[in-house]
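Trainee: One structure follows; several queries about it will come next.
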Amino acid sequence: MSQLNPKVGFVSLGCPKALVDSERILTQLRVEGYDIVPSYDAADVVVVNTCGFIDSAVTESLDAIGEAMNANGKVIVTGCLGKRPEQIREAYPQVLAVSGPQDYQSVMEAVHAALPPRHDPFVDLVPDYGIKLTPRHYAYLKISEGCNHRCSFCIIPSMRGDLASRPVDEVLREAERLVRGGVKELLVVSQDTSAYGVDLKYAERPWRDRMYQTRMKALCEGLSELGVWTRLHYVYPYPHVDDVIPLMAEGKLLPYLDIPFQHASPRILKLMKRPGAVEKTLERVQRWKAMCPEITVRSTFIVGFPGETDAEFEALLEFLDQAQLDRVGAFAYSPVEGASANALPDPVPEELKQERLARFMARQAEISAARLEAKIGTVQQCLVDLIEDDIAVARSRADAPEIDGLVHIQNGGELKLKVGDLVDVEITDSDEHDLFGDALPSDPAAQPPRALNLQMV
C-alpha cells in the first residue's frame, strides 16, 4: 500500500471478548485503507482498547493510555474503561475521544476526525475473515454481548449491558469465513454462553439449507459441521449444558467445558449471587464424566470473598478433592469499583487471602499433576502453536490457548512440524501443568478431512 496511507497504532487489553472487539475495529480500519503499525512513533494516531473489570486492569489501562500519550500524543480510548470517561479524562484530559465497549462506530468516527481516510474501499480488499490478533490457526468467536446476571463481584453488565445474542446464522457464517481463512480451532466466547439466544426467544434462522435455533446446542451442532476444533468458554452451569455433552462424546465438539463455579459454599455463593446447589454441581460434573470420559472441565474460583470463614474455605478445598477438575484458575478477591460486593461486611485480611490462595492452588496442583500423569502412555491429538528450535509447542484437545497447559513435542524438528499442524502425540512424561511426548509420523495427505474424527486413546 502507498506510504501516504494514514497509520494507526493499536493497543488491545483485556479478555477474549475485548480482543474480538479489537479485531472488528482493525478490520474496519484496514477496509478503509488505514495501515496498522506496531510502534507509537510510526503511528499518526493510537487507539487503546481498555479493560476495566478489576482494579489491576484499570491501572494497566491507564498506564497504557499514558504511555501512548507520552510517545505519540494523539490517543483514542475505547473499551470497558471507556464507560468511566471522567476517570480517563481526569488522568489524561488531552485524549481525543472516549467510547465504551463494542462502540465501533464511535471509534471509527474519532479516527476519521483525527485522521481522514485516503482510500477507496472498493479498490483494496481485506480478506473476508477480517483482521485477526490471534495466530492464523485459531480464533475467538464471540456469540453475544452483555449478561443478564448480577453477580455481586462483577460490573460487566454495567459496562456491556444485558445479554444481546447474535443471530445463529450470523455466527455460523462468521465461523465459515474463519475456517476458510485457515482457522483450525474456534473458541466460543461470551459473558454467558449457556444463555445464548434466550433474549431472541431462540429464534430459528437458516444456514446451509437447514433451520437452526439461536440456542447453545443448535449453535454447537452447526459449528460441528465445519470440521475444526470447537471449544466452549464461559459456560454457566445450567442443567441444559448436559445436552451438549453427547456432541463431545461423538467427537463433534471438543470434550472441554470452561465453567466458572467461583466457590463451593452455599452461603458465599448466595452472597456472590451465584447458583448455590453445590451437591447438584458435583452430580452434574460426575454425570458429564460418565457421559464423556475424555471431557476436560476447567473452572475459576474466588478465594477470600468477604465473610469467607475458615470452614467455608475448607469446604472449597473439599470441593476440589471431590470434583477432580482438570484445570483451575483462582483469584484472591479484590474490590471492584461499582460492585455491590464492596459493601459486604467482614472483609478477609489481605495476608489471609493470599495464604488461602496459595493453599488452594497447591491442592489443585496435586490434582492436575495426577490427572496429567494418567495420560502418560496415551496418544493425544495436538495442534501446534509454536516451533522452538527442535521442539514443537502444541496444545491437546484439553488445553485452551493462554490459560491451560502445553504439550512439548520433542521430535517436532525431526518431523518438520509447522505451526497449525494437527498431529497425534504419544505422551511420555508430565508435570503439574504440561505434557511431553513424541509425535507419531504420518502422511499429511492421509489425514482425515474432519479433524474431530480422530479420537484419543
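Placed from the backbone N, Cα and C atoms, the Cβ positions cover glycine too.
Just so it is clear, the model here is predicted, and its values are computed rather than measured.
Here's the feature list from Swiss-Prot:
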- 6-116: domain 'MTTase N-terminal' (DOMAIN)
- Cys15, Cys51, Cys80: [4Fe-4S] cluster 1 binding site (BINDING)
- 133-370: domain 'Radical SAM core' (DOMAIN)
- Cys147, Cys151, Cys154: [4Fe-4S] cluster 2 binding site (BINDING)
- 373-441: domain 'TRAM' (DOMAIN)
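Please situate the listed features within the shown structure.
Mentor: In the three-state DSSP reading, Cys80 ([4Fe-4S] cluster 1 binding site) counts as helix.
Other C-beta atoms found within 10 angstroms of the C-beta of Cys154 ([4Fe-4S] cluster 2 binding site) number 23, with every protein chain shown included.
Residue counts for the domain 'TRAM' (373-441) under DSSP, helix first, then strand, then coil, are 1 helix, 33 strand, 35 coil.
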Trainee: Based on DSSP, tally up the residues of the domain 'MTTase N-terminal' (6-116) by helix, strand and coil.
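Mentor: Computed counts for the domain 'MTTase N-terminal' (6-116) are 55 helix, 22 strand, 34 coil.
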Trainee: Taking the centroid of the Cβ atoms of Cys147, Cys151, Cys154 ([4Fe-4S] cluster 2 site), which other same-chain residues have Cβ within 8 Å of it?
Mentor: His149, Arg150, Phe153, Ile155, Ile156, Pro157, Gln191
Trainee: If you count, for each of the binding-site residues Cys15, Cys51, Cys147, the other Cβ atoms lying within 10 Å of its Cβ, which residue has the minimum?
Mentor: Cys15
Trainee: Could you check which of the binding-site residues Cys147, Cys151, Cys154 is the closest Cα neighbour of Cys51 ([4Fe-4S] cluster 1 binding site)?
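Mentor: Its closest listed neighbour, by Cα, is Cys154.
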Trainee: Using the CB centroid of Cys15, Cys51, Cys80 as the [4Fe-4S] cluster 1 site centre, which other residues of the same chain sit with their CB within 8 A?
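Mentor: Not counting the recorded site residues, we get Leu13, Gly14, Lys17, Ala18, Thr50, Gly52, Phe53, Ala57, Gly79, Leu81, Pro101, Met159.
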Trainee: On a count of neighbouring CB atoms within 10 A, which of the binding-site residues Cys80, Cys151 is highest?
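Mentor: Sorting the candidates by Cβ neighbours within 10 Å, the top entry is Cys80.
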Trainee: Which of the three DSSP-derived classes (helix, strand, coil) applies to Cys147 ([4Fe-4S] cluster 2 binding site)?
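Mentor: Going by the DSSP assignment, Cys147 ([4Fe-4S] cluster 2 binding site) belongs to neither helix nor strand, so it counts as coil.
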